[in-house]
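Now, the feature entries from TrEMBL:
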DOMAIN    52-162  domain 'Expansin-like EG45'
DOMAIN    175-256  domain 'Expansin-like CBD'
SIGNAL    1-20  signal peptide
Amino acid sequence: MQLLGLYVVVFLKCFLGVFGQQVHPQHNVADLHWKPATATWYGSPDGDGSDGGACGYGSLVDVKPFRARVGAVSPVLFKNGEGCGACYKVRCLDKSICSRRAVTIIVTDECPGGYCSNGNTHFDLSGAAFGRMAISGENGQLRNRGEIPVIYRRTPCKYPGKNIAFHVNEGSTDYWLSLLVEFEDGDGDVGSMHIREAGGTEWLEMNHVWGATWCIVRGPLKGPFSVKLTTLSTGRALSAREVIPRNWAPKATYTSRLNFFH
């Protein structure tokens, strides 16, 4: 029943999204200016972070290139899920224990309460990522500090050797198609998505549902599908022709031949 309820909620969000579209400003994703924030850590001290997360990446967070680079962020950076996939450099400030090295993290989750509430800019990092901000041999001591002041800035995501992939979410049918974007270089985030059916000329708009999930209610939809992705931060666009085959299946992942850096 809980699973059925989830499908109903996701379907309604996808359907209602047809009636509204947001317009986002464009700017350079690479930010040269450091900004103040706070940071904590979760999980085991040397752990890679938790499974899954509010972005919906599932088991991807346990393997490279996500492994040990995952982070939960406060709502101001999570942006109702549209901040999923964005990359940030985070560095701590106490020279007695912090190195000058920044860690790069990928937004995979949201931390909605506690340190992350009241409009605060906060990063809740994996134990491994948090410890890497320390000088050699002081990883444990830094983690013992709990909440610490940090500085952060946006940075382009880099996935060497990886092309953008599209995961077809469980429950997808010929009338309700739900996709998750993986391994997006550059901005990392998604501002809009469209699909084009086999033999079609029209790009059909998908709707943001939750996390990094987008869907479309229409049908029957006929593959193979081409997918056009436009980033949230800079409005860059990429089109993967017939990346999802005619005989597509739910829970399958289809890799394109493209990415923003190659």
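The backbone N, Cα and C atoms fix where each Cβ goes, glycine too.
Counted with DSSP, the domain 'Expansin-like CBD' (175-256) comes out as 0 helix, 41 strand, 41 coil. Counting residue by residue with DSSP, the domain 'Expansin-like EG45' (52-162) contains 26 helix, 34 strand, 51 coil.
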